[in-house]
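Heads up: the structure comes next, in structure tokens.
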């Protein structure tokens, strides 16, 4: 049996852009994504602290420092300046669950790393 467990998260990231006309996804600063162990195409859940919206999408690696841009239809669920939590999960068996420690990255309002 496997269980869906928290794999990693970026906590309290600030939305820097929302692009309704781009094909879906969330663009995340490549350095920040790598630090959080997120890979291009990986499914993530976004929790908007400002309005309570929760939605799933996939990661695109961005080039701009601090970039967090929600694309496509999901852009309607955020506003520039909103604070979000970006979560990734992984399927694990009980042995994996017992040793796994999620990667948690805390950022400031400019999406600069405070703590990992």
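Glycine is no exception: its Cβ is also placed from the backbone N, Cα and C atoms.
Since we're looking at a predicted model, the values are computed, not measured.
Pulled from Swiss-Prot:
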MOD_RES   25  pyruvic acid (Ser)
ACT_SITE  25  active site, schiff-base intermediate with substrate
BINDING   57, 72, 73, 74  substrate binding site
ACT_SITE  58  active site, proton donor
Alpha-carbon spacing, residue 72 (substrate binding site) to residue 58 (active site, proton donor), which is rounded to whole Å: 11
Length of the line joining the Cα atoms of residue 25 (pyruvic acid (Ser)) and residue 73 (substrate binding site), in Å: 9
Additional residues surrounding substrate, by Cβ distance to the 57, 72, 73, 74 centre under 8 Å: 24, 25, 26, 55, 70, 71, 75, 77
Chain-internal residues, separated by at least six, CB under 8 A from residue 58 (active site, proton donor): 24, 25, 26, 41, 42, 43, 44
Fewest other C-beta atoms within 10 angstroms, as judged across 73, 74, which are the binding-site residues: 73
Neighbour count (Cβ, 10 Å) for residue 72 (substrate binding site): 16
Residues near residue 57 (substrate binding site) in space but at least six apart in sequence (CB under 8 A): 24, 25, 26, 43, 44, 46, 70, 71, 72, 74
Most distant Cα pair in Å, residues 57, 72, 73, 74 binding substrate: 10
Where residue 58 (active site, proton donor) falls in three-state DSSP terms: strand
The residue listed as 'pyruvic acid (Ser)' CB neighbourhood, other CB atoms within 10 A: 19
